[in-house]
Amino acid sequence: MLSPGVESQLHKLPWVCEGAENTGILQGHIDCGSLLGFRAVYRMCFATAAFFFLFTLLMVCVRSSQDPRAAIQNGFWFFKFLIFVGITVGAFYIPDGSFSKIWFYFGVVGSFLFILIQLLLLIDFAHSWNQRWLGKAEECDSRAWYAGLFFFTLLFYALSIAAVALLFVYYTHPGACHEGKIFISLNLVFCVCVSIVAVLPKVQEAQPNSGLLQASVVTLYTMFVTWLALSNVPDQECNPHLLTQLGNETVLAGPEGYETQWWDAPSIVGLIVFILCTLFISVRSSDHRQVNSLMQTEDCSIALQTTQQQQQQGAACENQVFDNEQEGVTYSYSFFHFCLVLASLHIMMTLTNWYRPGETHKMISTWTAVWVKICASWAGLFLYLWTLVAPLLLPNRDFS
């Protein structure tokens, strides 16, 4: 929807740039094109979110494949695609009005939650990575695995330090950009604190697998979210990616040229992280029971047992599909679709750089996006800190 070829075709729709004469929007590809791509992305992602939210409600409390609704989850693909196409077509006929402004705030909340889910998945991935490589080192009696963990830990911290330096260079200036300086400094201090906590003797005693690898992953991700936040600061002096207005045109601040640009560096990196985390949500099964409880997925032991049963049944009767969810589903259908609702909202905000139409229907950046991302980074750091200190504060609970 953001590509020039599709935009040129979408110009033929009746709601495109309607009221341009009254609001001062140009029919050219600069202003009107920006608004067109924005509206199209919002409607596409509204359709996707609505589709998955419908299945979130439909699949509530499905406990096993004996529930008639389980057949809808695992079949009826033609009708599901038909429903999705119908919702998508209908979304393009929603009158603009206040739709975009209201849907923007839905996107803000959903994206905030998805950023936290991304961090939880990264923490779990780092924990599993650390455990497996330490196990390999003990099995093989080789220091190469320890060297590998040390290398990646050092690499992630080096990238984090480089990110801090670049953020100060490009997003702050002497005597200005005080908010950016505070955000970068606070997150740097918080990351140093959680890294120190991760290697404290008491924490190591309660969680032997806790270490600097996980802390380095959290630190790098926090710097990434800080970068995303600073790329939305509505101050041209403090934000080289800011879309600003020059005369009657919407332009990109800086030397890149006078045209709307969606695919800047923060959007590209954010999109890559989004795709990886969405795939991870879809196929993952954690090594940690607590994570599986939170994400509503099966643990590895159950998965292995199920696989063995399927292999035995398959040997007895080939070419027949066996139902492994008769006694209980291996993941929460409803929660899975809810994660995809949040993913739809997050991709909507990522593709539009968290911009929304202003009072003059121009594309503007807002402090709302900045504060949501900064608060998400703080909430993520708090969650990681809680995973470190929870076994000490709640000694009667099993965190193994």
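From the backbone N, Cα and C atoms, a Cβ is placed for every residue, glycine too.
Predicted, not measured: the structure shown is a model, and the values here were computed from it.
As given in TrEMBL:
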TRANSMEM  40-62  transmembrane segment
TRANSMEM  74-96  transmembrane segment
TRANSMEM  102-123  transmembrane segment
TRANSMEM  144-170  transmembrane segment
TRANSMEM  182-200  transmembrane segment
TRANSMEM  212-230  transmembrane segment
TRANSMEM  265-283  transmembrane segment
TRANSMEM  335-355  transmembrane segment
TRANSMEM  370-394  transmembrane segment
Same-chain residues at least 6 beyond the ends of the transmembrane segment (370-394) whose Cβ lies under 8 Å from its Cβ atoms: 108, 111-112, 115-116, 119-120, 123, 179, 183, 187, 190-191, 194, 197-198, 202-203, 206-207, 210, 214-215, 218, 221-222, 225-226, 228-230, 232-234, 354
Range from 102-123, 212-230, 335-355 with most C-beta pairs under 8 A to the transmembrane segment (144-170): 212-230
Contact ranking winner - 40-62, 74-96, 182-200, 212-230, 335-355 against the transmembrane segment (102-123), Cβ under 8 Å: 335-355
